[in-house]
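Student: Could you have a look at this structure, given as structure tokens, before my questions?
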Amino acid sequence: MATTFGSPSGDSRRGVASPRPKGREAKNTFCRNVTIYGHCRYENSKCRPPHLPDHVLNQNENAKKRFNVDSPSFTPLTTTPNGSVTASARNAAISPKAANAAVFTPKSQRSAVSTPNLHNKEPALDWHAPDFQEFVPETFGGPMVDSNASASYSGYDPYTSSANLASIAGQGHQSSAMNPYAQGHSGLEASYYQNPSAFQTSPAYHLYWPVGPQPTSLLGYQRTAHDFFIPDALREDLQKRAEVARQVMPNSTLPVIEQFHSLFCLDTTPQKNNAPFGYVSWIYKAISGKDGKTYALRRLENFRLTSEPAIRSAQAWKRIFNGSIVTIHEAFTTRAFGDSSLIIVTDYHPNSKSLADEHFKPMQRFNGRQATSSHVPEHVLWGYIVQIASALKAIHGSGLAARLISPSKTLLTAKNRIRLNACAIMDIVQFETARPVAEAQADDFVQLGRMILCIANNNTTAHLQMQKSMDHVTRNYTARLKECIQWLLNPQPPLGTPSSPTTPAPGSKDIDNFLGGISDQLASVFDSELHAQDTLTNTLGRELESSRIVRLLVKLNMVNERPELDASQQMSGGNTSNPSSVWAETGERYYLKLFRDYVFHQVDANGHPVTDLAHVLDCLNKLDAGTDEKIALISRDEQNVLIVSFREVKRGLEIAFQDLIRAGRGQGK
């Protein structure tokens, strides 16, 4: 049956009224009009589904607000006497709204609080930028190092950073901390605006490539490239000494003292120290204008000379020449520094350091913390004792006393090679209050024993805890060394008691008895020095004829490319003035040109230059010996090939060089 448009029917009523719920779980479904529009116009007439109560609607609206006056107040948990939380308190502390709380998002992972999107079908992969610690300018701090330890033993190391040298270039030796935030060339811009007076660091000679494994299948007459040069360790040491000796301070404000100029301060710390002379002392490196040699100048600030014989007491030290004493050359006073200063001129030993720097200086490689030092071998200690005893023999034999034997005033100039430094200073400073010579000589033995005891214990204050220090010596060294140290530390014994460290013969405590007691150690140290001398002699002998290579190079470069010599000879003989043809392709000296190209201008199969030191040394050695080995000399255009021997090349080179000498003599040169 057909119906007209708009006529009532049974299905038209179903589209106007609320949908009829179906199923048994539909009884708990509330009206959708309330959830969508907030109210239902058919609530009292036609709508069948149940509606939400008013207090529930108000609660949902209040939940959307940020501040709600109906929210429960904060109630802290209450604990029982035994410390446990009661069940009622635990239940009251958790709100029913906690189930609907949003997921916690840390603040560091989100830059801003964003509203969650309820209609996302796929989880969004948001990228959260990590938070960085905010930079807060603070005081520019230095390295974590003990200031007392670093100030006590801060020796001179020419191969470390030279930042501290600029602060000691002037007279005041004052240092100022760098401000990294200051505007100007003195701050962080110093790396781009270099100061022309900055100290130049030395080349890294110690970074040379070491000698690799040596082939063992060489014949008796075969050599490697390293056999033609001195050992790397000796070469590096000599190069470091030469580099240190040539160090200067550009734009230095240090004055010229007498004939000494180009002063360079060797103290790397600007802190003043009055010990042990009683005056603030500095040490400089200077060049003498008389002989051009380098000397060390020790300066004592604010020294007032009250007696002329005091300064003349250094004349006796100038007559002492001993290998274990730093030689003294001159002593005088000056006002070049703006005050009355005492200057002691001594020999300069480059790249040397004191025994305090060698054995007691904190290791800077472990963040400024002093690392556990290695055990000092006993033969090293005996070497120190023998060398100081040799110095005391020369000093006491001249009627003088060292008066100052300490690790900070004993120089280590080479491996296990020490020298007494700062001699004659105490004689000048304490001239009026000087002790008797015999008493001062006896005190030299005590100071020597203290120094050896401190080095053996690796502690500068070991002599203050005598029993503990001697126990350490007993555990780590032989009884012979312990007996020697005890003899040195004991005071002057009365007459008729044993005085030698090994022999019970009575006598006074002097240097002769001491040398007699350590005679066996004298022989051991002397034998070691002989072996070291033999090694240096063999190394020097290896370099004896190294100049013959230079002589060949000089001859080749003087003879080659000299056609004007032959032209002048022909002019004097009345022949044609054209250049001689001896250097032409058919000349008798043409092979000298080809030999030069054969030795120095080698190329590979692709025409690339080849720099082979072994080939150059091999050819020059064979040329110097004049062997009969034949070589093929090829011209640069590869059109001429000459087969000659090294003997023929050597003979032609000598003839050409003799002609050059005769031509020079003929012109009066």
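The chain as shown is numbered from 1 upward.
Keep in mind that glycine also has a Cβ here, set from the backbone N, Cα and C atoms.
Just lifted these from Swiss-Prot, have a look:
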- ARG298, ASP347, TYR348, HIS349, PRO350, ASN351, SER352, LYS353, SER354, SER408, LYS409: ATP binding site (BINDING)
- 520-558: coiled coil (COILED)
- 1-10: compositional bias 'Polar residues' (COMPBIAS)
- 1-25: region 'Disordered' (REGION)
- 247-519: region 'Pseudokinase domain' (REGION)
- 559-669: region 'Knob domain' (REGION)
- 25-54: zinc finger (ZN_FING)
Student: Provide the three-state secondary structure of LYS409 (ATP binding site) computed with DSSP.
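Tutor: Going by the DSSP assignment, LYS409 (ATP binding site) falls within a helical segment, counted as helix.
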Student: By a simple count of other Cβ atoms within 10 Å, which of ARG298, PRO350, SER352, SER354, the binding-site residues in the record, is least packed?
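Tutor: Least crowded of the binding-site residues ARG298, PRO350, SER352, SER354, by Cβ count within 10 Å, is PRO350.
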Student: Need one number: mean pLDDT over the region 'Knob domain' (559-669).
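Tutor: The predicted confidence over the region 'Knob domain' (559-669), as a mean pLDDT, is 80.
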Student: Long-range same-chain neighbours of TYR348 (ATP binding site), Cβ under 8 Å, sequence gap at least 6?
Tutor: ALA245, LYS285, THR294, TYR295, ALA296
Student: Under 8 Å Cβ-Cβ from LYS409 (ATP binding site), six or more apart in the same chain: what's there?
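Tutor: LYS409 (ATP binding site) has long-range Cβ partners PRO276, SER354, LEU420, ASN421, ALA422.
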Student: Record lists ARG298, ASP347, TYR348, HIS349, PRO350, ASN351, SER352, LYS353, SER354, SER408, LYS409 as binding ATP; longest Cα-Cα distance in Å?
Tutor: 17
Student: Per DSSP, to which secondary structure element type does SER352 (ATP binding site) belong, with helix, strand and coil as the options?
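Tutor: Going by the DSSP assignment, SER352 (ATP binding site) belongs to neither helix nor strand, so it counts as coil.
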